[in-house]
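Positions annotated as phosphothreonine by Swiss-Prot: T2. Taken from Swiss-Prot, the feature N-acetylthreonine covers T2, and the record attributes it to sequence analysis. According to Swiss-Prot, the transmembrane segment annotation covers 29-46, 118-133, 142-156, 197-218, 274-288, on the basis of sequence analysis. The chlorophyll a ChlzD1 binding site annotation in Swiss-Prot covers H118 and rests on sequence analysis. As annotated by Swiss-Prot, pheophytin a binding site applies to Y126. The feature site 'Tyrosine radical intermediate' is assigned by Swiss-Prot to Y161. Look at Swiss-Prot and you will find D170, E189, H332, E333, D342, A344 tagged as [CaMn4O5] cluster binding site, backed by sequence analysis. Annotation source Swiss-Prot lists site 'Stabilizes free radical intermediate' at H190, citing sequence analysis. The chlorophyll a PD1 binding site annotation in Swiss-Prot covers H198. Annotation source Swiss-Prot lists Fe cation binding site at H215, H272. Residues or ranges marked as quinone binding site in Swiss-Prot: H215, S264, F265.
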Amino acid sequence: MTAILERRESTSLWGRFCNWITSTENRLYIGWFGVLMIPTLLTATSVFIIAFIAAPPVDIDGIREPVSGSLLYGNNIISGAIIPTSAAIGLHFYPIWEAASVDEWLYNGGPYELIVLHFLLGVACYMGREWELSFRLGMRPWIAVAYSAPVAAATAVFLIYPIGQGSFSDGMPLGISGTFNFMIVFQAEHNILMHPFHMLGVAGVFGGSLFSAMHGSLVTSSLIRETTENESANEGYKFGQEEETYNIVAAHGYFGRLIFQYASFNNSRSLHFFLAAWPVVGIWFTALGISTMAFNLNGFNFNQSVVDSQGRVINTWADIINRANLGMEVMHERNAHNFPLDLAALEVPSLNG
């Protein structure tokens, strides 16, 4: 009898833990995805802060020329970054215990791999946690689907691109100027501005901003008056009220006359689906573009595509971009390359005499 009671107590302890983890009554929902999300994101955040402040220079190119990225080694908030793992490590899994010492681990940029891998696992679990909470509350799953766009984008620049290029040293540095450097080098090597998927991403982000501003201003301009001139318009709404707080018919009429009738949504549900889907699909395409360019399926090349009747090149904007690309390419990692690939001759010129 004693053994049976102990087993029930043990089961009930596990049951209480499960109930607490999956309870929607907690101030912050944890969930089973949260069990993995919390330690991974805490680890990534803690190591990022410490490394951004105090990490020593990293031999990013594997040529014994360390690059400083932390505040204590001369950087500021703008120039500072977590320097990617060394090209000498490549794609190898490089935890602390694989290095001969902590100094070696820091010199080879071990913190970058640690932060990136924990971060990607953490944001993936955050997405799963969004789905899990929606499921518990009986909601539809589209919040997690929308969040998959930034998760895909982060995975593309921090994991897929390094895999395609053969080294974590090609991943995006974790800092402001490091991000810009990554963008410039990416343009030089892959001509991303001429890739259709990047164009769709630009349309998604800029279009999403435009539609968000249009929707917010239109709703704010068609609020149903509930207050006097001396009160804030926000006082006219009470959380949870049943009646609509703005006149969708008036908003529809205004916008239909401003543009044309069928440019204006007359269904609130389809409108909000569109507002969510437009930027999400655009960012999905950008992530796909990065993931294809990771394996060197690059943007369109229209260099020297227009010639006159004598065969002389008439430069287009594509040629101007190409010239800029060449300049950017020869300047990056300048001590690692003797002959940049794009500038190397296809065959050795013959010498007469």
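From the backbone N, Cα and C atoms, a Cβ is placed for every residue, glycine too.
Distribution of Swiss-Prot features across the structure.
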residue : record                               : DSSP (3 states)
Y161    : site 'Tyrosine radical intermediate' : helix
D170    : [CaMn4O5] cluster binding site       : helix
E189    : [CaMn4O5] cluster binding site       : helix
H198    : chlorophyll a PD1 binding site       : helix
H215    : Fe cation binding site               : helix
S264    : quinone binding site                 : coil
H272    : Fe cation binding site               : helix
H332    : [CaMn4O5] cluster binding site       : coil
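A Cα-Cα distance of 12 Å separates Y126 (pheophytin a binding site) from H118 (chlorophyll a ChlzD1 binding site).
274-288 is the stretch from 29-46, 118-133, 142-156, 274-288 with the greatest number of Cβ pairs below 8 Å to the transmembrane segment (197-218). Counting same-chain residues at least six beyond the ends of the transmembrane segment (29-46), those with a Cβ under 8 angstroms from any Cβ of the stretch are 20-23, 114-116, 118-119, 121-123, 125-126, 128-129, 131-133, 136. Between the C-alpha atoms of Y161 (site 'Tyrosine radical intermediate') and H332 ([CaMn4O5] cluster binding site), the distance comes to 18 Å. Cβ packing within 10 Å was compared across the binding-site residues D170, E189, E333, and the lowest neighbour count falls to E333. Note on the transmembrane segment (274-288): residues 142, 145-146, 148-150, 152-153, 155-156, 197-198, 200-205, 207-208, 211-212, 215, 265 of its chain, located 6 or more positions outside it, place their CB under 8 angstroms from a CB of the stretch. Considering only the recorded positions H118, H190, H198, H272, H332 ([CaMn4O5] cluster binding site) has H190 as its nearest partner by CA-CA distance. In this view, Y161 (site 'Tyrosine radical intermediate') is surrounded by 22 other Cβ atoms within 10 Å of its Cβ, with every protein chain counted.
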